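Student: Here it is: the structure, laid out below.
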Amino acid sequence: MGRQPSQLGSLDQLDREVPPEPATQESGQSGQSGQSGLPGGLTGAAIKPRLRGWLHAGMFPAALVSGVLLTALAGTLASRLACAVYTLSACLLFGISALYHRGDWSPPVRAILRRLDHANIFLIIAGTYTPLTILLLPDGSRELLLWGIWLAALVGIAFRTLWVGAPRWLYTPCYVGMGWAAVFYLPEFLHAGGVAVLVCVIVGGLLYSLGGLVYGIKRPNPSPRWFGFHEVFHSLTLAGFVAHYVGIALVVSQHT
Ligand SMILES: [Zn+2]
């Protein structure tokens, strides 16, 4: 983790799926996006598992359709807007992630998509908070959390965009911390939304956090060729999203 000073190659290195090899000059002249041109075959090369990106590619249309449905069913203007923000953040997350992970991009495009992919994590966190906050929290807490979480998201996006080679141990806890801020609001979520909503919020949060942990420690890594730790991480984000979606749908149904 965070083994190298940031240089050009660090754009890619954080997503390397192969367990850290003695780093020769792996930071590899981002000349080849295929990353296998270095002497010694595997040394420092990134193997992109075959299933990389497919989960999010499949999730994109599902998130789009279910999000539009949710937005259409929302009863008030405020909840409709909140659901639209949530849907947009989900579509950006899964859509850009699918593009970034599936495509074989040139290094500059790859670098841009990577920044967007990471920035979108802040957006989905704030986007998920938005309907829950607007629909469940009383005046006062609502504004506080909404402003706080969007401000944190903007700061996070600036941080990830300006320092793209930041070590994983530094930025992964930022995501997790933003998500865990919800802990302070759980009693209010329970009070206004009920047990089922609370369970969905907690289960979703735990799944995302587990995903963050897998991403942070790069384990388990079941099959580096087909389904590596990054795919485990994607699966957990997907499961976390579904849990939160169900919770938000329940809340929306309570307010129609
Ligand atoms: Zn990813």
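Going from the start of the chain as shown, residues are counted 1 onward.
Cβ coordinates come from backbone N, Cα and C, glycine included.
It should be emphasised that the depicted structure is a prediction, and the values quoted were computed from it without experimental measurement.
The feature compositional bias 'Polar residues' is assigned by TrEMBL to 1-10. Residues or ranges marked as region 'Disordered' by TrEMBL: 1-40. According to TrEMBL, the feature compositional bias 'Low complexity' maps to 24-36. Sequence annotations record features per position, and here TrEMBL assigns transmembrane segment to 54-74, 81-100, 120-137, 144-163, 169-187, 194-217, 232-252. The Zn(2+) binding site feature in TrEMBL is assigned to HIS101, HIS230, HIS234.
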Student: Under a three-state reduction of DSSP output, how is HIS101 (Zn(2+) binding site) classified: helix, strand, or coil?
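Tutor: Reduced to three states, the DSSP call for HIS101 (Zn(2+) binding site) is helix.
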Student: If we skip the immediate neighbours and take only residues 6+ beyond the ends of the transmembrane segment (81-100), which ones have a Cβ under 8 Å from one of its Cβ atoms?
Tutor: 53-54, 56-57, 59-60, 63-64, 67-68, 70-71, 74, 110, 113-114, 116-117, 120-121, 123-124, 126-128, 130-131, 133-135, 234, 241, 248, 252
Student: Considering only Cβ pairs under 8 Å, which range in 54-74, 169-187, 232-252 makes the most contacts with the transmembrane segment (194-217)?
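Tutor: It is 232-252, which has the most Cβ pairs under 8 Å.
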Student: For the transmembrane segment (120-137), find every same-chain residue at least 6 residues outside the stretch whose CB is under 8 Å from a CB in it, and list them.
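Tutor: Contacts with the transmembrane segment (120-137): 78-79, 82-83, 85-86, 88-90, 92-93, 96-97, 145-146, 149-150, 152-154, 156-157, 160, 175, 178-179, 182, 185, 188-189, 192-193, 197, 201, 204, 241, 244, 247-248, 251-252, 254-255.
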Student: Of all the binding-site residues given, HIS101, HIS234, which residue's CB has the most CB neighbours within 10 A?
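Tutor: Ranked by Cβ atoms within 10 Å, first place goes to HIS234.
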Student: Please report the three-state DSSP label of HIS234 (Zn(2+) binding site).
Tutor: helix
